[in-house]
Amino acid sequence: MIRLLRFFALGVALDWLTSLSLVFGGCCSNALTLEVITSQYPPFGTLITFAQFLFVTIAGLPKHLSVKPSEISKTRRFVVRYPTRSKIVLNPFRYRLKPRRIPLSSYLIQVIMFLLISLLNNAAFAYQIPMSVHIVFRSGGPVVNMMIGWTLRKTRYTKMQVMSIVVVTIGICLTTLSSMASKPSKPRFSSTNEFASSSVDESLVTFAIGISILSAALVLSGFLGLVQDDTFGRYGRGNWEESMFYLHAMALPMFSFVGSELGSQVRLANASPTIKANIPSALHTLGLRPLEPSNNEPPNLAPLPFLPIRLPSLNIPSVYVPLLANLLTQFVCVSGVNRLSSRVNSLTVTLILAVRKAVSLAISVVLVGNSKGNTYLWAGALAVLLGTIGYAAGSSSKRKSKDE
């Protein structure tokens, strides 16, 4: 019995370790690559969102396809069945989607909200929103959860929960003020005070639009969390892979509404400075083939012994390199968040994501920004973190009092 309990505890610990590794490792790396892209190409929000949705859909498609069994011949007395599980069937008409545990009607509203949230969050970078404000502002999930719960579901909250939400709100305001304080009071090239004043006003208006976009995404995130709680409560919390696939796959046709904007961003990405990817040098680095000496430039390799070809050098637009890294880390991050959401309630997910965003904030300010930040920034971040922890502690004590 003791051995069985130890085995069960080990399984639970490994499950939690896997989920937290996916969330912290994948999401922190994803925030880092996203900051690299948006710092150089701020208006590429739609392209980033579409690439993320397409990549997650393609990566999850094999798990949700099944092969239609071969037809049985009625003219013969015996039937020869050919195995299809161990072979790749080339006929696309033999594939079909596996039966779903959650109906498509339950996914539809989630898909629309999830797509809008992703588009709004990535579009905010085009309005002079730094990554530090982006991270802290999106940590205000408990504020939205309390407002929605109090207005729509008539939920009552403890004094500790209310005070924690006030602290989180103050922290978000301080972080927003930190970004405004770090902006220069005058433009870099100004000849008259009138021109400087108009430039400052225009910058503040742009920043206010970006904050409004993040606020709208934050409100939608609160509603999405409630909808997902109801869905998983009705159909079970073990469907995170199915939910992740359909939330991304069903949203792809909806990008047709922003097709012109997406096309213009793709053309701008293709016109970005290119990076020369020299395959022979890469193979030499890996130790696969020797590199012949040359005059400061790596030559093409001699034809391979099994193929009469020479390996070429590729010119890749520079924006696609961090974009590919962002896609890979986004897939890991989304898998971790959905895996976590299917095992715990939205409040616990909000708490864990708040701690993760604190780590991402430190990486963004200290490592990427190479600065110490300012007092408003770190005070706001600390207030958001402490308020989120206090809100979770208040919710835990509230549940215990109900059980008693």
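Just so it is clear, glycine is given a Cβ too, placed from its N, Cα and C backbone atoms.
Predicted, not measured: the structure shown is a model, and the values here were computed from it.
As annotated by TrEMBL, transmembrane segment applies to 41-61 (among others). Sequence-distant contacts of the transmembrane segment (41-61) (same chain, six or more residues past either end, CB-CB distance under 8 Å): 34, 115, 118-119, 121-126, 241, 244-245, 248-249, 251-252, 255, 258, 261-262, 265-266, 268-269, 272, 319, 323, 326-327, 330-331, 334.
Positions annotated as transmembrane segment by TrEMBL: 104-125 (among others).
Feature annotation from TrEMBL assigns transmembrane segment to 131-150 (among others).
Outside the transmembrane segment (162-181) by six or more residues, the chain places 129-130, 132-133, 136-137, 139-140, 142-143, 146, 204, 207, 211, 373-377, 379-391, 394 with a CB less than 8 A from a CB of the stretch. The transmembrane segment feature in TrEMBL is assigned to 162-181 (among others).
Summarising the annotation, TrEMBL assigns transmembrane segment to 204-224 (among others).
Per TrEMBL, the feature transmembrane segment maps to 349-369 (among others). Cβ atoms under 8 Å from those of the transmembrane segment (349-369) belong to residues 20, 23-24, 27-28, 31-32, 35-36, 131-132, 135-136, 138-139, 141-142, 145, 225, 337, 340-341, 377, 381, 384-385, 388-389, 391-392 of the same chain, restricted to positions at least 6 beyond its ends.
Feature annotation from TrEMBL assigns transmembrane segment to 375-394 (among others).
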Contact ranking winner - 104-125, 204-224, 375-394 against the transmembrane segment (131-150), Cβ under 8 Å: 204-224
